[in-house]
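Participant: According to TrEMBL, the protein has these features:
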- 1-402: domain 'Major facilitator superfamily (MFS) profile' (DOMAIN)
- 30-50: transmembrane segment (TRANSMEM)
- 57-75: transmembrane segment (TRANSMEM)
- 81-104: transmembrane segment (TRANSMEM)
- 116-138: transmembrane segment (TRANSMEM)
- 150-168: transmembrane segment (TRANSMEM)
- 207-230: transmembrane segment (TRANSMEM)
- 250-270: transmembrane segment (TRANSMEM)
- 282-303: transmembrane segment (TRANSMEM)
- 309-331: transmembrane segment (TRANSMEM)
- 343-367: transmembrane segment (TRANSMEM)
- 379-398: transmembrane segment (TRANSMEM)
Amino acid sequence: MKNDMQGAVQGENGTLQSIYDYTSTEKAQLIWAVAIGTIIGTIPYNWMYVRYGAKNVFLSAGIISLISTSCTPFAAANNYILLLVIRLIQGIAYAADFAVIGIICVKWAPHDEVAFFVSVLTVFSPFATVITTAVTGFLCTSSFGWRSSFYVHSVAGAVCFILWYIVYSDNPLSHSSVTSKELANIQKGKSAAHFDQKRQIPYWKMVTNSALVCTWFNAFMDLSMSIMIITYSPIYFNTVLEFPIEQTAFIIGVTNFAQLPFKFGAAFISDRITSINPKAKMLIFNTISCGIVSILFGGLGFISKDQKWIAMFLLIAVNCLMSTNCAGFYQCGRHVSQQFADVVIAAIQFCKCLALFFVPAIVAATVTDESDRYQWSHAFLVMSGLLLVANFSAYFFFTDQPAEFTKTHEPQEFQSMKDEKL
């Protein structure tokens, strides 16, 4: 964008300057606008999902996202404040993502397949990064220009949301493609509360539940580590270890696909290996995705550029092992919250928003010279230390037992609904 001289203005030194050449402060503001929007949208979207279901609410979020994305080039060309507003609106729409994952897991996932559902549904983030980066890179360097990237993504998004509206149903019972056998499998072990559109959310009891607070702490640090890797590892590997930045970005992109065997393998073990009790499994995978990752990441700052490929191997290992979190803290949140798992997962999205502020603050406080490995090691140690603390706290607070606020007087099975499907 910064090389686009259309509408260029005269700079302080008398040379023409692109209106899209944003300062570091403006770039940070554009990121924070999305984070603030997501914070604003998290609770309202969660309430709407509970009250009205996911089908129409998520569609509305998609429409908002499509319109705001297609308007971005216009806003960027005309007014920076308008661009910030557009980014804020995009953040509000983005708030719908994690909450819909929770709703789908509550309504559609059989009890013995929740980890698999989480692993599949959360893969959207790394996939989106790889696909959109590749498409945007091609369009920006082609004759179509950078503006076409926003329009192409808007059209692609429209296709996706049309498919969503056609395929998805808020209740498995009303879906024409669900057989009675599949319905029985989905409903097994669930109470009517899992499908209640008018349930009351016990927010206070949830935010004061030690197991859920620990779950969110682990999620916050895990997501902070992920943002640290995505945002700052290309800078570190380029300025300190002297990797070409394109090579680093490519390797990180490939690693996003390499996560899949780890993610799905962890989900399979969590769902299908019944010889290990659920609490032990969630602690094992939380230790892998948080504990081991924290140690490996902390070591990055102590590797010299003469051993830079060792550092790259550590980064790849960190990226892959983090993907096993679907069988770690996510499972604790699901077991404890039961029919309110969608609220827990929506709160994890809120944690991600906070991490977008937290990580830059840590880097700003510890790194003043981006070429200084010693300063970066401080940032890495702070992040890895906090993630290690989160992992250790799990051994004291994680549980596989449902919280008191999830208990109802409804029967665990509701045969009448199955009979209706028959």
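Placement of Cβ uses the backbone N, Cα and C atoms for every residue, glycine included.
Unlike curated records, TrEMBL annotations are generated automatically.
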Participant: When you check the transmembrane segment (379-398) against the transmembrane segment (116-138), do you get at least 3 Cβ pairs under 8 Å, counting only pairs 6 or more apart in sequence?
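Facilitator: Touching, no - the transmembrane segment (379-398) and the transmembrane segment (116-138) miss the threshold of 3 or more Cβ pairs under 8 Å.
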Participant: Grab the same-chain neighbours of the transmembrane segment (30-50) for me: Cβ-Cβ under 8 Å, and only residues 6 or more beyond its ends, written as numbers and ranges.
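Facilitator: Apart from its flanks, the transmembrane segment (30-50) reaches 22, 57-58, 61, 83-85, 87-96, 99-100, 103, 197, 199, 201, 342-343, 346-347, 349-350, 352-354, 356-357.
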Participant: Quick test of the contact rule: Cβ under 8 Å, at least six residues beyond the ends. What residues does that give for the transmembrane segment (150-168)?
Facilitator: 54-55, 58-59, 62-63, 65-67, 69-70, 72-73, 132, 135, 139
Participant: When you check the transmembrane segment (207-230) against the transmembrane segment (343-367), do you get at least 3 Cβ pairs under 8 Å, counting only pairs 6 or more apart in sequence?
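Facilitator: Contact between the transmembrane segment (343-367) and the transmembrane segment (207-230): present, because at least 3 Cβ pairs are under 8 Å.
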Participant: Six or more residues beyond either end and a Cβ under 8 Å away: which residues meet both conditions relative to the transmembrane segment (282-303)?
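Facilitator: Distant contacts of the transmembrane segment (282-303): 218, 221-222, 225, 236, 241, 266, 269-270, 276, 310-311, 314-315, 317-318, 321-329, 331-332, 335, 373-374, 376-381, 383-385, 387-388, 390-392, 394-395, 398, 400.
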